[in-house]
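Structure first, then comments.
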Amino acid sequence: MTHWKHLLRQSITSYEELCHCFPGRIDPAVAAVIERYPLRINPYYLKLIRTTGLPLFLQAVPRPEELNDPVGIPDPLAEETLSPVPGIVHKYPDRVLFLVTNQCALFCRFCTRKRHVGRPSMPGGDSSFAAGLDYLKDHPEIKDVLLSGGDPLLLDDDRLDEILAALRAIPSVEIIRIGSRVPCTLPMRVTKKLCRTLKRYHPLFINTHFNHPAELTDEAQLACHRLADAGIPLGCQTVLLRGVNDSPAILRDLLRGLLRLRVKPYYLFQADLTNGTDHFRTTIEEGRAIMRELIGYLSGMAIPTYALDAPGGGGKIPLTPEYQVASHDIFRFQSYRGELCSYPEPPPPPTHFST
Ligand SMILES: *Cc1c(COP(=O)(O)O)cnc(C)c1O
């Protein structure tokens, strides 16, 4: 068995194992949480939690609050409504999500797809995959297919090869994206063989997901460099999480560190209204204030778009801090340092010429 599969098998999945790993730190109510939302912490991430502490502990270890969420709903992004065939979520004109597995290397407690992940309820079998492919063939306006789940990189190399070959056989599909947290949560999954498979299907992009600078280990660096060396542009979709990374200093270290791993920060997501994750939410004002302390102080390459995935399926809404200052005749704004600046707009173009 390959090294990563062996590690995955050694994951802790039960209340008893969790108590054994973190003596005196697990509330008895967590047993019921695990019945509802499964637990998986693989040995790689477990070691990282042990050496770095709370911000990683909170991402992976269940809490009683997961069963006492006053506002969250199971499917805040209305993905079920936007799903024309099992596994496909078609929200935007030119691109879709294609959910190909419900498995992950770590079950993140703040997961937006908590209703499916790790449970048998999600499509992903061969028949739904065929239906998804037919949908893409019938909709040539779809140019960009995002493989997600679950984590597509938990599939075997052979299965991934089949999926990517089937997508590449559809001429209207221009780009393929894979959303995967594996470079962060189980970087040894990124083998040389995996990279040889992936690089046959360009243009292929990977958006990974790191939330804290402690996750930027030597192993993660090796995984990202291997993918980048295979010609795969890497982005990162971080989630803003209370107690994990809701501070400008932590995010600054994370975003700079990602660039060193050749990963371009793509989105910083406002937490979704997913049932069982309310205790992770910050306010949007806090998020904007944090962005204010990043923009201008960090390389522009390191700045993600802070965005809300609109409840009900409205799509991603950029939440940019406000720089414009009220003024009627001229464009006035503040710089990142707060200095007032202005920009005279050109006069409107003439609508007709005299002869
Ligand atoms: C986020 C998302 C996408 C991709 O959006 P981009 O802004 O292009 O990255 C596509 N489809 C669905 C359903 C999504 O939630």
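Along the chain as shown, residues are numbered 1 onward.
Keep in mind that glycine also has a Cβ here, set from the backbone N, Cα and C atoms.
Values in this document were obtained by computation on a predicted structure and should not be read as measured data.
TrEMBL annotations:
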{"type": "DOMAIN", "residues": "90-302", "note": "domain 'Radical SAM core'"}
{"type": "BINDING", "residues": "C104, C108, C111", "note": "[4Fe-4S] cluster binding site"}
{"type": "MOD_RES", "residues": "K316", "note": "N6-(pyridoxal phosphate)lysine"}
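Listed in sequence order, Q59, A60, R181 are the same-chain residues at least 6 apart in sequence whose CB falls under 8 Å from the CB of C108 ([4Fe-4S] cluster binding site).
Counting other Cβ atoms within 10 Å of each Cβ, the lowest count among the binding-site residues C104, C111 belongs to C111. Cβ neighbours of K316 (N6-(pyridoxal phosphate)lysine) (same chain, under 8 Å, six or more residues apart in sequence): Y267, A307, L308, D309, A310. For the [4Fe-4S] cluster site, the Cβ centre of C104, C108, C111 serves as reference, and the other residues of the chain with Cβ at most 8 Å from it are L106, F107, R109, F110, R113, K114, V117, G118, D151, R181. Close to ligand 1, meaning a Cβ under 6 Å from one of its atoms, are these of the recorded positions C104, C108, C111, K316: K316.
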